[in-house]
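**Student:** Taken from Swiss-Prot, the feature active site, proton acceptor covers Glu170, Asp218. Per Swiss-Prot, alpha-D-mannopyranose binding site is recorded for Arg85, Glu91, Gln151, Arg155, Leu306. Marked as Zn(2+) binding site by Swiss-Prot: Asp131, Glu171, His297. If you look up Swiss-Prot, you'll see Cys113-Cys136 marked as disulfide bond. Annotation source Swiss-Prot lists N-linked glycosylation site at Asn42, Asn156. Sequence annotations record features per position, and here Swiss-Prot assigns signal peptide to 1-23 based on sequence analysis.
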Amino acid sequence: MAIGSVVFAAAGLLLLLLPPSHQQATAGNIGSQWRDDEVHFNRTLDSILVPRVVGSRGHQQVREYLVQSLNGLGFQTEVDEFKQRVPVFGELTFANVVGTINPQAQNFLALACHYDSKYFPNDPGFVGATDSAVPCAILLNTAKTLGAYLQKEFRNRSDVGLMLIFFDGEEAFKEWTDADSVYGSKHLAAKLASKRSGSQAQLAPRNIDRIEVLVLLDLIGARNPKFSSFYENTDGLHSSLVQIEKSLRTAGQLEGNNNMFLSRVSGGLVDDDHRPFLDENVPVLHLVATPFPDVWHTPRDNAANLHWPSIRNFNRVFRNFVYQYLKRHTSPVNLRFYRT
C-alpha cells in the first residue's frame, strides 16, 4: 500500500450505527455475549503466519486453509483464480478467496483483507504479521465468535448477507504503482462489476452494487494502532467504531487506556485493495493503522513484535461493530457518492 495526498472536506457524520444511550450503558453485556476465542485466533494466526508470496508453497497452503476455514464456518466459498504477468516472476496464478453467508441477499456487508505476503529478494522468510496475517485471523475469528448468530438468526435473511474477502496479490513485486499492486482486488472488482444475479439478471443490479460497504483491514497487530476516518460517506460508520470502543472501555471490556479509533478525518488517503472498488462507487471503510507500524516491510513484522492487548481490543470492537451492523439492518443502506 502507499500513502496518497488527496485531501477532502468532511461535510458531516452519518450516524447510522451509533448505539442509543441505553445501549451504550449495556455495551458490556454485548461484549460478554460474544466472547473471545483466543484458542481459535491463535491457531488461525499460526496457520497463516508463514511466508506466502504469490506462487510459493506457503501461499498455496494458506489459500487452502482459508477455503477450509470458511467452509467449516458455514460460508459458501468461491475461489476467484486468474493468471497475470508481473515484474520479476513473469506469469503467476492468483486466487482471491470469497466466503458468503446468504448469497441470495439483496445487499452485503463485505469484510476484507489481503493474504499474500510481500516479496523481498533478500528476505525469503518475511511473514508480514501485521501485513496482513493478523487481519486475516481477525476476519475468521469474527465469523467464529459470532457463529451462533450467523448460523441461526442471521442465516437466510433476504435483506443482507455477509461476505469475507481475502484478496490475493495486494503487494507490489517491485515498486508500488497502479499497475504493480492490488492484482486480486482489481480482478475481483471487474468480475463483480460485469455480472448480475437473479431470475431477471438484465434488470438486476451489478453484483458489485450489492455491496453496501467494503470494510478493509490492513496493518493491524502492532502496539497502540490509530484509525482515522478516510471517507466522508462512511464517516458515520467510523463514528460507530469510536462509540463502541468508548462503551466497551467504560464497561471494562477493553485493556489499557489507549483509544484506537479517533474522531477525526484524515487529510490523506492510503492506497490499498479498496481502490478498484472505490472506482466502482463502492463505499469504503478503510481500517488501516496510520501512521504505519514501525515494523512495516521489515523483518521485524513477525509474531514476536505483535501487541496482544491491542489485537484483543480491536477484535472486541470489530466483533461488536459487525454484529450491530447486521442485527440492526432493516433496509438497504446507500452510502454511495452518487446514486445507482
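Each Cβ is built from the backbone N, Cα and C atoms, and glycine gets one as well.
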**Student:** Given the binding-site residues Arg85, Arg155, His297, which one has the fewest other C-beta atoms within 10 angstroms of its C-beta?
**Tutor:** Arg85
**Student:** Can you check what DSSP calls Asn42 (N-linked glycosylation site), collapsed to helix, strand or coil?
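**Tutor:** DSSP call for Asn42 (N-linked glycosylation site): helix.
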**Student:** Just name the most isolated of the recorded positions Glu91, Asp131, Glu170, Glu171, Asp218, going by other Cβ atoms within 10 Å of its Cβ.
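**Tutor:** So among Glu91, Asp131, Glu170, Glu171, Asp218, the recorded positions given, the one with the fewest Cβ atoms within 10 Å is Glu91.
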**Student:** Looking at the recorded positions Cys136, Leu306, which sits with the largest number of other Cβ atoms within 10 Å of its Cβ?
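**Tutor:** Most Cβ neighbours within 10 Å: Cys136.
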**Student:** Using a 10 Å cut-off, grab the number of neighbouring Cβ atoms around the Cβ of Cys113 (disulfide bond), all chains included.
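**Tutor:** Counting Cβ neighbours of Cys113 (disulfide bond) within 10 Å gives 27.
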**Student:** Identify which of the glycosylation sites Asn42, Asn156 has its Cβ surrounded by the largest number of other Cβ atoms within 10 Å, counting every protein chain shown.
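**Tutor:** By the 10 Å Cβ neighbour count, Asn42 comes out on top.
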**Student:** Distance check, please: Cα of Arg155 (alpha-D-mannopyranose binding site) against Cα of Cys136 (disulfide bond), rounded to an integer number of angstrom.
**Tutor:** 23
